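The feature domain 'EamA' is assigned by TrEMBL to 8-138, 150-281. Annotation source TrEMBL lists transmembrane segment at 39-57, 69-87, 93-115, 122-139, 151-167, 174-196, 208-229, 241-260, 266-285.
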Amino acid sequence: MQSFKVNCVLVSAIVLWASAFVGIRIALADYSPGPLALLRFLVASLCMMIIYHRQGIKKFISWKERIQLLIAGMLGIGVYNICLNYGEITVSAGIASFVIGLMPVITILLSLIFLQEKLKGAVWVGILISLFGLFLLAIGEGSHDEMKQGILLILVSALMGAILTIIQKKFLKLYHPVTVIAWVMWGGTLLLLIFSPVLLQEIKTAEYQSTVAVIYMGIFPAAVAYVAWSYVLKKLPASKAAITLYALPIVSTLLGFLLLHEQPSLISLVGGGIALSGALVAHRFQTPDTLNVSLDKKVVAV
């Protein structure tokens, strides 16, 4: 019975995170990328503030470290979501999630460059497979320049997320994940406030479906899914839980088909699948230290 409950919670977290990519596509009908990100993370920041205080975390974090996390959040939340939202103007929800699924591969490469972490041969094989899959995906989605630009922007999002993973690595060793994620999220929201004037205009004319979609993304993929994921990590080994994250693009593609009638090309799906398989291989042989940090990053990434 306990394992059934854990599996249900795990599936719920995956579905909620996957639905964020679809929610973005829905909201883009009435909101431009910047204001969309701002409204979403105003809601998410409020939810995280409630979670933060309910946790009753007493370990003090210095203002210097808070500022560092705020700046990290400006990149990993602010720039990440601006680029992702712009990318999804032309790229389907499923394909966008496949590209974001390459974030662990980028994180591994950054760890090699900046943290001098050694990589096994199998990890390099996984990276090469992912790059080949990404090439096929770009061909499948690249019939128009706008689509190519969209994929490139989403790759920038994945890079920003990977950079955040590296930056927050030391903080996750010292502080509760809620503390780290809260300050990172607030930093991203701080940057996104530059879109306040436009948001105030767009929210007046937006259809209620779009506004509900944004509020949904702020509450459920961020706050609720985070609580669910934290529960799962208490009950399952991190390595076992991490494997399920690779189902995100599949679920996103299915939701995009059911809710938005999106039909990515066959070559795009094959390329995305190959890219994801490569990421899975790289993940399988990466160091446990990098794995654990990647798990915590997933909360913010979607």
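All residue numbers here begin at 1 and follow the chain in the order shown.
Cβ atoms here come from the backbone N, Cα and C positions, even for glycine.
Unlike curated records, TrEMBL annotations are generated automatically.
Predicted, not measured: the structure shown is a model, and the values here were computed from it.
Here the transmembrane segment (151-167) has Cβ contacts under 8 Å with residues 68, 72-73, 75-77, 79-81, 83-84, 86-88, 91, 95-96, 99-100, 102-103, 106-107, 109-111, 114-115, 137-138, 141-142, 184, 293-294, 297, 300-301 of the same chain, all six or more residues outside its ends. For the transmembrane segment (69-87), the list of distant contacts is 24, 28, 33-34, 36-37, 40-41, 96, 99-100, 149-154, 156-157, 160-161, 163-165, 167-168, 171, 180, 183-192, 300-301: same-chain residues at least six beyond its ends, Cβ to Cβ under 8 Å. Sequence-distant contacts of the transmembrane segment (39-57) (same chain, six or more residues past either end, CB-CB distance under 8 Å): 27, 31, 77, 81, 176, 178-179, 181-182, 185-186, 188-189, 192, 199, 203, 211, 214-215, 217-219, 222-223, 226-227.
The transmembrane segment (93-115) shares more Cβ pairs under 8 Å with 241-260 than with any other stretch in the list 122-139, 174-196, 241-260. Same-chain residues lying 6+ beyond the ends of the transmembrane segment (122-139) with a Cβ under 8 Å from its Cβ atoms: 95, 98-99, 102, 105, 108-109, 148, 151, 267-268, 270-286. The average pLDDT computed over the domain 'EamA' (8-138) stands at 88. Helix first, then strand, then coil: DSSP counts for the domain 'EamA' (150-281) stand at 120 helix, 0 strand, 12 coil.
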